[in-house]
Structures are given as structure tokens and as C-alpha cells.
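Let me begin by presenting the structure, written as C-alpha cells, before commenting on it.
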Amino acid sequence: MTHLVCCVSAEEERRVRANDREYNEKFQYASNCIMTSKYNIITFLPVNLFEQFQEVANTYFLFLLILQLIPQISSLSWFTTIVPLALVLSITAVKDATDDYFRHKSDNQVNNRQSQVLIRGSLQNEKWMNVRVGDIIKLENNQFVAADLLLLSSTEPHGLCYIETAELDGETNMKVRQSVSVTSELGDPNNLASFDGEVVCEPPNNKLDRFSGTLYWREKKYSLTNQNMLLRGCVLRNTEACYGLVIFAGPDTKLMQNSGRTKFKRTSIDRLMNTLVLWIFGFLVCMGMILAVGNAGWEKEVGSLFQSYLAWDTPVNNFLFSAFLSFWSYVIILNTVVPISLYVSVEVIRLGHSYFINWDQQMFCSQCNTAAEARTTTLNEELGQVEYIFSDKTGTLTQNIMTFNKCSINGQSYGKDTHNTCRLDFSPFNPLADPDFCFYDDKLLESVKVGDSCTHEFFRLLSLCHTVMSEEKSEGELVYKAQSPDEGALVTAARNFGFVFRSRTPGTITTTEMGRTVTYSLLAILDFNNIRKRMSVIVRNPEGRIRLYCKGADTVLLERLHPCNQEVMSITSDHLNEYAADGLRTLALAYRDLSEDEWEAWSESHRFADKATDCREDRLAAAYEEVEQNMMLLGATAIEDKLQEGVPETIAVLSLANIKIWVLTGDKQETAVNIGYSCKMLTDDMTEVFIISGHTVQSVRQELRSVWLCAHCTRLYTVGLRINAKLQMTGGQKLRNVCMIEVGEFALVINGHSLAHALEADMEAEFVSTACACKAVICCRVTPLQKAQVVELIKKRKKAVTLAIGDGANDISMIKSAHIGVGISGQEGIQAVLASDYSFSQFRFLQRLLLVHGRWSYLRMCRFLCYFFYKNFAFTMVHFWFGFFCGFSAQTVYDQYFITLFNIVYTSLPVLAMGIFDQDVPDHRSLEYPKLYEPGQLNLLFNKREFFICIAQGIYTSVVLFFVPYAVLSNATQSNGVPLADYQTFAVTTATALVIVVSVQIVLDTGFWTVFNHVFVWGSLGSYFIIMFALHSQTLFRIFPNQFHFVGSAQSTLLQPVVWLTIALATAICIVPVLAFRFLKLDLKPQLSDTVRYTQLVRQKRRKPPEGRLGARGGSRRSGYAFAHQEGFGELITSGKNMRLSSLALASFASRHSSSWIDTLRRKKHTHTPPSGRQMALKSIF
């Protein structure tokens, strides 16, 4: 009974008792073993075959194989089907097994990691997979956290420890976690062995930033929050050791709850092929029924007349049963409309495309010594159809390296471009300078040297106003431990310019200013948060003067300045605009002197607010607001979060290809927006950048509707202006100054808490319609699961091909959810790469992957499929027409060896060469004209319409190939007067004409000729004649008289001039209409690729595009503020809780171009979209 109660309660809450496995095992909690693989040795064969036979084609060929095993209906040998079917199934199975082997290998590597577990009072090494809920484990510096742990104690003071969460949220800056005070002293294994506290907490969930629970121990209870938790996937940094209680293990951990499932990905062409196979099978059944009805009629009316000497075969006893067997015989004969060689060829072509990606030297990164890798062979053509890209920010768009780039001090701007300038050498001036620091303006250094008071105060502020921790490993060898890379960059800048932050205690900050050691009394830290967007410190210098130093967003800091700062503020604002225009992250700096009385009065109010039990945060914010007034402006800083090479250019080119790029990041709003400007996703030319930050369903819905109405009203107003101007000009009035306003461009920025509401079922349609009305979308502070949900939403609502790209473990969910997943092998491990379909080391390689390899793969696959269906319908439908002249007896036109070899030898290699090597324009033209990518997005090159055109051409060719030889040979004679109207002569003539026609057709279809194309096309044609003469030879007939019936047919037929005239006539009738149509289409309605090719022919010298920066910004005002900081560090510092007792090595710290036809189709595509309720309402308004 107790066990049942426990199990029921586990659905709503989790109960964990420390050091009591017997108690915890009653709840049947998951073990710490993870499994991401799909198969094991026992399940592989049945599960893999089940998955493969979900492919309609595989089931279709299995059905045909069963039919061919019945001798009464089969006129073809069974091996013609079973061999290629087994080959396809085997190749796919080997590939799937290989993929799953690597998943097993990765799982075993993780599950077999060692961890120190406290068992019966002593620490023992246990594999991760053997760790259980309720165990206490010890972690050491730089170790991964094995499970979701409640931090119990640490070697750091006050139970503190430092972690890196890159695997969870992509952020490489360190974060602080702290144990509950009552357990912080349990550092000894003996004490921990006697710890029997019980934790009651929330059940397993995927919320990375939230945890709620209670610790019951010694008849007292203590609240637990996310600050007390160490999550699986984190890395312990700069902490000698810590102990934690396992709360969630294995699949219950937040990392695994966010990881998503491995999905079987198929391309849109694969899905279309399944539909077409069903249609073709239906067509096959119809043809079989027609011929079966013909057989019944013939057997009843004609066949019955000579039953006495040509009786029915056993067990046929009437014309209806003969028709029934004839139906299945024709199903077997006509099945070559979709031969299994099609699927073998598709896999070979995809494999070739994958090798081209792997071998592309222009996607090789010499710095990382990393080549691009196609980790799957099934999605290459989908790369040519992408409409939406979902990108992570940190490590994907940026390098996550912050550098102090420029600054403004007292109205003077410092900092030069790195081109044609020399890097400053700080070592003669400052022995404590960081040798890795780079700055290029010597005027700033001279200003420091001459003792400019404003410059000194500027760097003094940077050396004091922060929450950085310092460690001096040896004399003068300083290592800064910053919880945000921004702060580290600012403090390092101050260090190099002579104001070196050395150390701190809870009440003091020690610096070295121009070689002189100075200790300041730290009176208060006014902590940073996202609402204040600033932080301040109040310090007393050795002379007793009290001063407040403040840094923060210019939008909040400039309005708190003393009125006497107007002139400096105006100049500094211009500098801030310039810095923001360059995509730099900006902060404004200011100070205020406080008298002793002012300090005492404010200190008292601050102390009162700090100790308040209700509305403490609001009271503290009011106290901070009171003192942060009437400040004096010192200047501004500009930090560059370095983008990866070529990111802005790549985004610009992809945008021209009509690919929408969404950034999904776990980073802060300000940081994400600034990176948006840096990489040119956001520009000052945009009409508006909307920010959705509501905390409730109603507020988020209202904000989304406001954005949607604003965007669409702007577009309607613009269209109205244009129509009005056109009408007035048509009426004879010349409007000289008509302002042709362009349709507004908008961007949408939405926070994670708002996105959670927007993704709800009743609001997701509004979110999608609003987001898709904007040119750029940035989702910030999102969880890994939310990333996947956004991708799934676009897949469901827009029916578009999506691509997700990221570099961290927090990106795995969206990489798995998107149609195509791309992993960047960066500074955050290889988890994203292991989960991806393609990988490379730089974001800029994405444009080549899509616009070159993706477009070529799509083009080649579409041309291959069009030709393949054409040639097989031309080949197969001859049997249909022949049925009307052979008494519907299911006799084949060609001999069985020609039927077997047609798709395997005679026509396989030329079409493979086209499918692997063909291209319409060179790679550099694909990048020069991004609009060439749009046909893939609109699925123009192979669709149901193109399929019907191909089979119509194939059927036309079959009519010509049957009836032209039939008409000519029926009355033709040899030179000796012997008639040519015999079955074998007709078969050889038709087969030869077929091979020649399809060979000429592929010559016309091939747009790019290589040595392989020439060898395969002419070699296949030559091999046909060689093999045919061999099969019709006397030698083989003497050896196998029952197998080779066409003895001497080739020689006797092909020696007749009338046969060659017949073949030439049939070829001309088949090919001339195709040539005429293509010339007319090229002349009357050329595609963009045709225009590009023509340009190549007439242009001898390519005109180089003018160099310059993309999208120069206007002069609009915006804040470039971004500060990747966390709230709460100020309180930790002033309490002394994060002060070290001993020195610890920080070695890991350094380790992070459109034709109108396309536009018309696109408009039609959008026109057919049913209007939403808001659109109908808007129409009624206007």
C-alpha cells in the first residue's frame, strides 16, 4: 500500500532521501544510464526492415517478387527483382547500422565515465550509469556534472562553486551556484555519510532556469531554488571540489528532457516519390486491366477457333481465367515503369553529392584543420529547397570573444580600425599589462601618460565598477574571473592603460594606478539587473572622498545626468551612434560625488530596504534610483563581440536567395539585438524593430496583434500611395515629387517567457503570421526545447523546408527537429556535430553548402528523375502497344536479356553521370546570382506537373518507337526479296531505336560535360551493340540453345539499310519536337539560369562588384547597449561569500540576385493561402 502511494505521489512530486537507496528504489526512478541509439543486436533486423518497408517502393517490389515466383503468370525470372531489392535493403541496413553504432559508442563513452560516489561512508569509483537517485557524489575541478544535483557543500567559502553551462544554454561565461547554508559545512565524507535529509521537489521537467523544492532535515525545512542546483552537462570550473545529492538521473535530467528524439528524416522528393509510385502502380493496374479485358475478348472470339492444336496451358480452362492470369503477367512485364534500379541510382547519386561536399576545399578551415562533412547521404537535394534557417548566436554567428574596440572620453573619441595601423605595445609603459590585449590608437595611451584627469577617472571607473574576481598566480601574473566576457574585456582594458584591478575583499578593492597601489573602501554595490540595465559601486578613496561610479545602457544612464552635461552628452551620443552603427556593444560611464551626510542618509535607507521582508526588490530599486541621479558623464565604451568571418555577407546573400533567417539564442535580449545589427539582420533602414516581452497570455497576444496590424497597415498605406500616384499620372497630371515609399521592413524580437505563451495552441497561428510578416526574427532567452518547438511550428504551419544550425549541446533539439541539421565544430564540444546531418567549422560556409552544393544537388536529382521516368515509360509502354498485336498474350517485345540489361547497363551510367556531375552554371555564378536558388524553394524542377510532362513525352516516344518500325517493316523486304516483317527483326529494330533515342535525349539534357559523361554516354551506346552481337552469336547459342533464341538476329537486321532509315526516322520524330520546344522556350521565356549562361558567353571579363560595407546605417538613434551580466553578484561580493580562502589555478578560464515567372509563382503561392481572421477584419476596415 505504501509503495502504491509513493508511485502515485511521484507523478506530482519527487521525494529523495539522501544515502538511502532502499527507500528511493521504491519509487522506481530512472537510472543514470542514457540511450540515444535506435537498435540493439536483437531488434535491428526486424525494426530496420519494418522501417525500410514503410517505403512504398520497397513494399511494391516485394509484391512484384512474390508475383514472379508464380510460374503461371511470370514471364520474367525472379532474380531480376530479388537481387536489386536485396542490394538496396542491404546497403540501407549497413548505413543505418553504422549510424547507430556511433550512437552506441557515444552512449557507452558517457555511461562509462567515472564518478566518485559516497557508499557506506567512503568514496568509491562508480560508472555514471550506476549512479542512482539519492546518491551523494563528489565532483572535482573541470569535471562534467553526472546528474542533476543538489549542491551540498564545496571547498569554496560559503558553499559556493563556479560552473560553465555551455552544454545547456550555449553561454561560456561562468555562473555561480551556492549550497544551502545548513549543508555548506558538510565537506567531510564522514559528515556527509550521516546526512539523511529528504528533498521534496517538482517532478522531472525541461525548464533549465527554474527549480522548486524543499529540504527537510533535523525537523527543519529549507527552500531550494535553481541557484542550489548543478545540472547534468555543466562543467565545474575554478572549484577544487564539491559534493552533490542526485535529484534527477539519466533521462529525467533537464539536459535529456531538452534533447529531443532522433527522427528519421526524408526529403520532399522522397515523399513525392512515394505518392508517384502509388500513382504509377494505379496506372499499371489500369493498363493491366485493359490488356486483360483485351485478352478475354481475344480468347473468346479468336483463340477458341484453334483450341484443337493450340490448347490453353494448365490450369486455364476458360477465357476469364486466362484474362485473370494475363492481368498479373502484364503487371510483371510493365513494372519497369519504376525499376528498382531507380532507387539504387538515387542512393549512388546522393553518395556522390556527399563526397563533393566532403572534398570541397573552399569549405575547409585551415585554422581548425576541419573539412566540411556530409554526415548523411539522404538529404542533399533538400539543401536546395531551404526557406527558413534557424541559427544559434553564440559560437555560431559570433566567436564569443569580446574585445575593447573604441571609447569616448569627455567628448573625444578614441580607437582606430585595425587596417594599416600598428598595435600598441603596452609592456614598456605597464609591466602588468595583458600581452594579449589589442588596441590601435596611440592618442589614448598618450592621454593616460600625460595625466589627463578625465581619462584617468574613466579607467579608474572601469577598474572599480565590476564584479570581477582576480587571482594572482604569481607576481604580476593576473587572471580575471569574470562572470560575463563584457566585464572581463573592460577590466582588462583598464589594466593595460595603467589602472590594474588586483584584488578585493568584502569591503575593499585594491588597484594599481599608474604603478601606485591604492586600496578603496567598497561601501556598496548597486547590482545590475535587466530592468535597471546598469550597475554602480560606491567607494571611499584613501583621502576619504566618497564617489559613486556607474556604467550602463545609454538609454537609461543619460537621462540621469546633471543638466550641466548637455554639451558632452550631445557629443558622446553621436559617438555612441557611430559605435552602434559598427555593431559594437556600448556602455555609458558616469560618476557622482557624495558628501558624508548624503552617504549616511542613503546608507540608512538602503539598509532598511535590504532588510525588508516584503517588496524587498522594489524597495532596493527605489533606493538605487534615489542615489543614481545628477551624475557627471565620463564617456562611453564600445566592445566588439567578434563575429565569425563572413557572417554579414553570408546573411546578405542568403536573404537575396529569399531564405528567412531566425536567430534562436539563450542569450540576453540586448546582446542578441546588437549581434543582429552587427551581422546586418537588423538595420536602421527598417521601419520598426518590435519587441515582444509580455509575461501573460493576454499581453503577448495584444503585442502580437499590434505588430501584425502595424506591419500590414503600413503595407496597405504604401500600396494606396502607389495606386493614387499611378491614377493621377494616368489622368494627365504629372507628379514630380511623388514619394514612392517602399514597403516597410520590420523585425521581431521576442523573449523566452513571451515565446512560451506564443507557442500555445490557441496563439501559435498569430505568432507565425506576425513573425512571417517581419524580415528578421530574433528569439532570445529561449530554452533548447523552445528552439525545437519554433522549428516544428514553422514546419507545420508554413510547410517549408527548414535548416537549423548550431554548435552546442543546447542546439541539439532544433538540429534534430529541422529538416536539415547543421553542426558547427566550435568551442562548445562536438555534441551538435554528432547530432547533425552536415558539419563544418564556419557559418560562412553555409552559403556555399546551400547555394552551390544544395542547388546543384536539387537540380541534378530533378533532371535525373525526369529523364529516368521518361526513358522507362518509353521503354515499357512499347509492351502495351504490342499487346494489341500479339493477342494480349503477355509476350514481350524485347528478349529478356535486353529487358534485364536496359536499366543496368545500357542506360544506367549516362544518367548517373548527369545526376552526379551536371550543372547549369558554375559555382561562382550560383553565389553571384542568389535568385537562382528560388526554383528549388518553389519546387519547380520536379513536381507532379513535371512528372506528367515526362511520362507524356515517354508515352509519345513509345508510340513512335513501336508504330514507325511496325509501319515500315510490315511491307519492307531484304535485298534478296525476303520480307523483314518478323518478330525478331522488329524487336532488334525497336530496341536499337530505343537505345539511340534515349542516348540522344540525355545528350540534350546534359548541361555540363565531363570526361565521365563522354565515356559513359558513348561507352554505353557502344556496349549495347557489343553485347547484342555477343548475345545473338552462334557461340552462345551452341552452348545454351534454350536460353538464347535470337541467334543471328542482330547481324541480319542491322545489315539492312531500311532498318537504319527506320531508326533515323523514329529518332528524328522523337527528338525534333523536343528541340523545337526548347528553342522556343529559350527565346520566348528564358529562365534566369539561361540568362546567366548567355551572359557568360558574351562577357569576356567579369565586372567586379564595388567593395564597401554592406548596408551602411543611417543616423537614427539607438542604443548599442549590451551587457551579458547576471543579477546577484554584487550581494555576493559585499557579503564576502565569494572570497577565496586559497589560490586556485584558472587554466580553463581562457578556454570559447529575379525573373518575373518566379515572382508570379510566389505571388500565386501566397494568394492561395486562406486569410486569417485578422486579415478579414483588416479588409473590412479598409
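Just so you know, the numbers here start at 1 and follow the chain as drawn.
Backbone N, Cα and C atoms are what each Cβ position is placed from, and that goes for glycine too.
Annotation comment: TrEMBL describes 16-82 as domain 'P-type ATPase N-terminal'. When the domain 'P-type ATPase N-terminal' (16-82) is classified with DSSP, helix, strand and coil residues number 31 helix, 2 strand, 34 coil.
Per TrEMBL, transmembrane segment is recorded for 60-89 (among others).
According to TrEMBL, the feature transmembrane segment maps to 276-298 (among others).
What TrEMBL records for 318-344 (among others) is transmembrane segment.
As annotated by TrEMBL, ATP binding site applies to ASP392, LYS393, THR394, GLU487, PHE528, LYS551, ARG585, THR665, GLY666, ASP667, ARG781, LYS787, ASN810, ASP811.
Within 10 Å of the C-beta of THR394 (ATP binding site) there are 32 other C-beta atoms, taking all protein chains into account. Per TrEMBL, Mg(2+) binding site is recorded for ASP392, THR394, ASP807, ASP811.
A 10 Å cutoff on Cβ-Cβ distances gives ASP392 (ATP binding site) a total of 29 other Cβ atoms nearby, all chains included. The active site, 4-aspartylphosphate intermediate annotation in TrEMBL covers ASP392.
What TrEMBL lists as domain 'P-type ATPase C-terminal' is 833-1086.
Residues or ranges marked as transmembrane segment in TrEMBL: 864-885 (among others).
The transmembrane segment feature in TrEMBL is assigned to 897-917 (among others).
Sequence-remote contacts of a segment are chain residues at least 6 beyond its ends whose Cβ falls under 8 Å from one of its Cβ atoms, and for the transmembrane segment (947-968) they are 276, 866-867, 869-878, 880-882, 885, 893, 986, 989-990, 993-994, 997, 1058, 1061-1062, 1065-1066, 1069-1070, 1074. The transmembrane segment annotation in TrEMBL covers 947-968 (among others).
When Cβ-Cβ distances below 8 Å are used as the criterion, the transmembrane segment (983-1004) is approached by residues 867, 870-871, 874-875, 878, 893-895, 898, 902, 906-907, 910-911, 914, 957, 961-962, 964-966, 969, 1017, 1020-1021, 1024, 1028, 1032, 1046, 1049-1050, 1052-1054, 1059, 1062-1063, 1066-1067, 1070-1071, 1074-1075, 1078 of the same chain, each at least six residues removed from its ends. The transmembrane segment annotation in TrEMBL covers 983-1004 (among others).
For the transmembrane segment (1016-1037), same-chain residues at least 6 beyond its ends with a Cβ under 8 Å from one of its own Cβ atoms are 895, 897-898, 901, 905-910, 912-913, 988, 991-992, 995-996, 999, 1002-1003, 1006, 1043-1044, 1046-1051. Positions annotated as transmembrane segment by TrEMBL: 1016-1037 (among others).
Per TrEMBL, the feature transmembrane segment maps to 1057-1080 (among others).
Sequence annotations record features per position, and here TrEMBL assigns region 'Disordered' to 1163-1182.
In this structure the C-alpha atoms belonging to ASP811 (Mg(2+) binding site) and ARG781 (ATP binding site) are separated by 13 Å. Neighbours of ASP807 (Mg(2+) binding site) among the binding-site residues ASP392, THR394, PHE528, ARG585, GLY666, ARG781, defined as a Cα within 10 Å of its Cα, are ASP392, THR394.
Here the transmembrane segment (276-298) sits apart from the transmembrane segment (897-917); fewer than 3 CB pairs are under 8 Å, leaving out pairs fewer than 6 apart in sequence. Contact between the transmembrane segment (897-917) and the transmembrane segment (864-885) holds: at least three of their C-beta pairs are under 8 Å, each pair 6 or more apart in sequence. Residues 57, 60-61, 64, 67-68, 70, 72-76, 81, 84-85, 87-88, 91, 277, 280, 283-285, 287-289, 291-293, 295-296, 299-300, 303-304, 312, 868-869, 872-873, 875-876, 879-880, 883, 888-890, 892, 899, 902-904, 908 of the same chain lie 6+ residues outside the transmembrane segment (318-344) yet bring a C-beta within less than 8 angstroms of a C-beta in it. Between the binding-site residues ARG585, ARG781, ARG585 has the most other Cβ atoms inside 10 Å of its own Cβ, all protein chains included.
In the predicted structure, the domain 'P-type ATPase C-terminal' (833-1086) carries a mean pLDDT of 90. Listed as Cβ neighbours of the transmembrane segment (1057-1080) (distance under 8 Å, sequence separation of 6 or more from its ends, same chain) are residues 953, 956-957, 960-961, 964-965, 968-969, 972, 980, 985, 988-989, 992-993, 996-997, 1000-1001, 1004. With the fewest other C-beta atoms within 10 Å around its C-beta, PHE528 stands out among the binding-site residues PHE528, GLY666, ASP807, ASN810.
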